[in-house]
Amino acid sequence: MKIVINILLLAIISSFIFFLGLGLSPLTDPDETFYAETAKEMLKTNETITPVIFGKPQFEKPVFYYWLLLISYNIFGVNEFAARFPSGVFALFGIIGIFFLGRFLYSSFCGLISAFIMATSVIYIVLARACVTDMVLGIFILYSFLFFVAGEIKQKRLMYLLSSAMAAFGVLTKGPIAFLIIAGVIIPYLIIVKRKNILAGIPFVECIIIFSAIAFPWYIIMYKTHGNLFLNEFFGFHNITRFLVPEHKIGSSPFFYIPIILAGFFPWTAFLPAGIYFTKKMDIDRTFTFKRHNLFLWLWFFMIFIFFSISSTKLVTYIFPLFPVLALITGRFIAKYLKDLRNIKTFKLMKVSYYFFLLSSFIALIIIFFVIKHEYPEVSKEILLTEMIFGMGLILSLFYFLKEKRKSFFVTIVGTVIILIFPLTFFLVPLISENESSKTLSYKYLEVAFQADALGGENDHRGGIAFYTGKEDIADIHPYSSLVTFFKNKERVWGIIQKKHFEQLQKNKEDIYVESVSSHGKYLLVTNKPYTN
C-alpha cells in the first residue's frame, strides 16, 4: 500500500510540473517545430510510415516519436499542448521508473527521494515540456536498464524480454544509438561480473527475436520504399557523418558536457559530489539487494558521457540519458542524511554540500538575471519575480537546515521548484519563447499576404513558419546568396528573416527592393514590393 501511495504522490506532483500551462508557449525553432510540423504533414496526408516535412520525405529520425505526436494530435488537435504532451507523459513514466530502480538498488525511500530529485532538475523539466525526442529516448533507455536489473534480482525471464523490447523502441525512436548505449552498458557488465547464474537466466534467443520484431520492420519497409536514399541519409549522414564530422560550431571541446551536467542537474548539483564520495568511500552496507549496483551505474554514466564526448557533433540534450544515474547517486546520499540522524560523516558531508548549494545558487541567480536581461530586456520584471521566489525558498530551506529539520529542508527545496513553475509557465517562458518562435510573424503573414504569395524562411525557422502558416512550400532563403536571389523575384514574395540579414541587404545596397512590414524579437517579416496597410 505504501508503494501505491508513493507512486500516486510522485504522479500528482510530477503531472503538475510537467503539464501545467504546457501549451501556453509557442513552439520554438528549430527543433520543436521540426517534429511538430513533420507530424502535422503526416496527419494531413494520412501518412503513417514515412516522416514528411515541406511535402517531402525526411529521414532524420525513425517514426515512433511521430506516431506519438499523431496520437496526440488526434486526441487534442494540432496545437502546442498536443505537440508537447508525449514528452510529458514519458517524463511521468520516467519518474515512476526511477522510483522503482532506486527501490531495487537501495530502498523505497531512496527511490522516492531520487525520483523527486529527477522531477525537479532543470534538464528534466525542460525536456518534459518540449516537443523533442530526447525524453522519449531517455525513458526507453531507463526502462531497458530497469527491467534488466529487475531480471537479475527477481530471476524472471520476462524482465529480460521487456528490457529487449524497451531497447527496440529506443531504436525505433532515435536510431541505432539506443542499442549502442544499452548494449555498451549491459555487455561489459556481464563480462565483468562473470556470473554464470545471471547468464543462464537470460533468454538470449527470445530477446533477439523480440528486439528484431519491434525494431526492424520499419527500417525494412523504409529501405524497400526509398532504397539507398534512406540508407545514405539516415545511416550515412544523420548517424555516421554526424558522429565523425561536427554539424554545429559548438561542441568542439571534449569537456563540452561537463557544464551541461552541472547546469542541467540544478538545483541538486551541489549535492552530487557528496553523493559520489558517499558511493565510493562509504558503501559498506551489504544489505542491498543488487550487490553490483555501483558497477552498473558507473558503466551507465561513463558509456553515455564518453560516447557523446568523443562524438564530433554535440548537442546539449544528447547526454540526457545519464541524468537518472546522478539522481540515484544523489538521492541515496540525501536519503541517508534524512533517515540516519546519528551518522556524523553524513551530516558533515551535507553541511558542506548545502552551504555550497546556497553559494552557487546565489551566484547563479545573479548571472542568470544579467544574461536574460541582456538577451530579453522586456522580461526583466518577470525574471526578478522568479528569482525573488527562489531566493525566499533558499532562505526558508536555510532556516530548516539550521534547525536540523531535515525532511522539511528537503521538502522546501522541492516545493520551491514546484512553486517556480507558476511564474515560469505563465510569465517568463512564454515571453522568451515568443522571441525564439516564428509564430507571431507567421500569423502576421497570414494577415497581410495572399495565400498564393511565396514565403521564404531561413533554414532553422522553416519548420515553425510552415507549422503556423499551414504552408508546406516554404522556400529556404539561407545562405545570404539564396536570400538575395529570392527577393529578386518579379512577383511579390515574403520572407521571415533575421534583422541582421535585413540590415546586411541595406548595407550592401543589393539591386533589390526589400521592405520591413513587421518585426518581432530578432526577426522581421519583409517583402520585395511596396506594402500599404
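Each Cβ is built from the backbone N, Cα and C atoms, and glycine gets one as well.
Note that the structure is predicted; figures quoted are calculated from it, not measured.
Database features (TrEMBL):
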TRANSMEM  7-27  transmembrane segment
DOMAIN    61-219  domain 'Glycosyltransferase RgtA/B/C/D-like'
TRANSMEM  64-82  transmembrane segment
TRANSMEM  89-106  transmembrane segment
TRANSMEM  112-128  transmembrane segment
TRANSMEM  135-153  transmembrane segment
TRANSMEM  165-191  transmembrane segment
TRANSMEM  198-221  transmembrane segment
TRANSMEM  255-274  transmembrane segment
TRANSMEM  295-312  transmembrane segment
TRANSMEM  318-335  transmembrane segment
TRANSMEM  355-372  transmembrane segment
TRANSMEM  384-402  transmembrane segment
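Highest Cβ pair count under 8 Å relative to the transmembrane segment (318-335), across stretches 112-128, 165-191, 295-312, 384-402: 112-128. Within the chain carrying the transmembrane segment (198-221), a Cβ under 8 angstroms from the stretch's Cβ atoms is held by residues 49, 62-63, 151-152, 155, 157, 160-161, 163-165, 167-169, 171-172, 179, 190, all 6 or more beyond its ends. Annotation: stretch 295-312 has the most Cβ pairs under 8 Å to the transmembrane segment (165-191), among 112-128, 255-274, 295-312, 384-402.
Outside the transmembrane segment (255-274), and at least 6 residues removed from its termini, the chain residues within Cβ reach (under 8 Å) are 117, 120-123, 305, 308-309, 314, 316, 318-320, 322-323, 326-327, 329-330, 333-334, 349-350, 352-354, 356-357, 360-361, 364, 413, 417.
Mean pLDDT for the domain 'Glycosyltransferase RgtA/B/C/D-like' (61-219) in this predicted model: 95.
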